[in-house]
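*Asks:* Annotation comment: TrEMBL describes 51-312 as domain 'Deacetylase sirtuin-type'. Look at TrEMBL and you will find H174 tagged as active site, proton acceptor. If you look up TrEMBL, you'll see C182, C185, C208, C211 marked as Zn(2+) binding site.
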Amino acid sequence: MMCTWLTNMCFKSGTWGEMDFEEDMNHNVMMQTNEPTVEIQPKARKLLTEKESSEITVEEIADLIYNCKSGIVFLTGAGISEASDIPTFRDPEHGVWAKHDPREVGTRMAFQNHPERLWRILLEMVGPDNSPIPNAGHSALGELEKYGYASTIITQNVDDLHEQSGNNNVIHLHGNLWSTECIVCGTPGDTTHELLRDTPKKDLPPRCKKCAQKGVLKPDAVLFGEILNKNILASAVSAMENTPLLFVLGTSARVSPATDLPVIASNAGAKVVEINMEETQLTHTCVDYYLHAPLETVLPQIVECVRRIYRESNPRSSIVASLSKTFSRPSLLPDQS
Ligand SMILES: [Zn+2]
C-alpha cells in the first residue's frame, strides 16, 4: 500500500483511525486524489532502534519533566479521550460502523455525494446534547503547559479537548473536527459546535455564507481518500526532531505517522516515555520508559508530583506564590495544594 494513513480517518482517534478498507477500495480511494503524496521518509524505519524499555514510576516521570523544563512533546491518541465518553466508531454492537457503512459516509466521495449523512451522524454523536468535555488527563496536560512544561501536543484525535484544557500548541495529525471550511471556495465556516447548535436537522448539511454557490461546509477531519496536510506533518516531524523528552500517551501506534514519529524522536536523541494500557510495537523499539496506567488517573498524579518537586526545590518561590494567591494576583507558579 502506498501510504496506509491515506485511508485512515481518525475521527475519534483509534476508531476510524485503525480501520482499513479492502485493497480495491484503497486503490479506488487513492485514485481520487491528485494531491502529491506526503509521507515520512523511510529513513525513520531504517534507523529503527531496538531496545528494552524499563518500567518507570510516577515520581520518576515527574523528575524527568521537572528537569527537562521545556520542549516536551506529548503524542496523544484515543486513550486520552476514552474517559470523555466520546462515542466509538468500531464497537461491534454500539459503534457508528455497526449502524452505518463507512463507504457510504466516511470517504471523500461519499461526503461529496451525501454530505448530510455525515452531518447527521455528527449531530447524533457530538451535537449540543452530547458535546464531549475534557477529562482529568486532558486537564493535567493543560496544567503542565500553564507551568511551562509542555511545548507541543501532537494528537491523532480530531476532538478539541486539548484546546479546551488550555493547550495552545496542538498539532492535529488527522485534522480538527471542530473547524470547518467550504468545499467550494475554501472559506472557513463557523465551528462544528456552532453549526450543530444553530442548524436544524432538516437543513443539514450547513452551507457557506460567503460564496455564491453556497458550498457545503466540511469538518476539517481527514476522511478516507484524503491525505494528511503536509505542513502539519512537517511540523510534527520538526517537533520530534527537536524534543529532548517525548511522551506517547494512549495511542496504539498501529498506523503511520503515529508509528513513525516516536522513532524519529528517539533517533534524534529524545528520551521516550510511553503511558498506555497495553504494550505497543513502540514499547520494545524506541521507548525508554513504560508505565501501564489509565491516563485520567496517572497524569494528574504526575502533575501533583511536579508541583511537589517544584515546591521542595523553590521554597521561596512557593511563599511568593502563596502570597500572590492570597492577594488574588495571577501567578504562573504551581498552585499550592
Ligand atoms: Zn464557499
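Just so it is clear, glycine is given a Cβ too, placed from its N, Cα and C backbone atoms.
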*Asks:* Rounded to a whole angstrom, what is the C-alpha distance between H174 (active site, proton acceptor) and C208 (Zn(2+) binding site)?
*Replies:* 23
*Asks:* Using the Cβ centroid of C182, C185, C208, C211 as the reference point for the Zn(2+) site, which residues of the same chain not in that list have Cβ within 8 Å?
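*Replies:* Counting only non-site residues, the set is I183, V184, G186, T187, K209, K210, Q213, K214, G215.
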*Asks:* Please work out which residue of C182, C185, C211 has the most C-beta neighbours within 10 angstroms of its C-beta, and give that one of the binding-site residues.
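*Replies:* Answer returned by the neighbour count: C182.
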*Asks:* If you count other C-beta atoms within 10 angstroms, which of the recorded positions H174, C208 is the most crowded?
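*Replies:* Result of the Cβ crowding comparison: H174.
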*Asks:* In the three-state scheme derived from DSSP, which category covers C182 (Zn(2+) binding site)?
*Replies:* strand
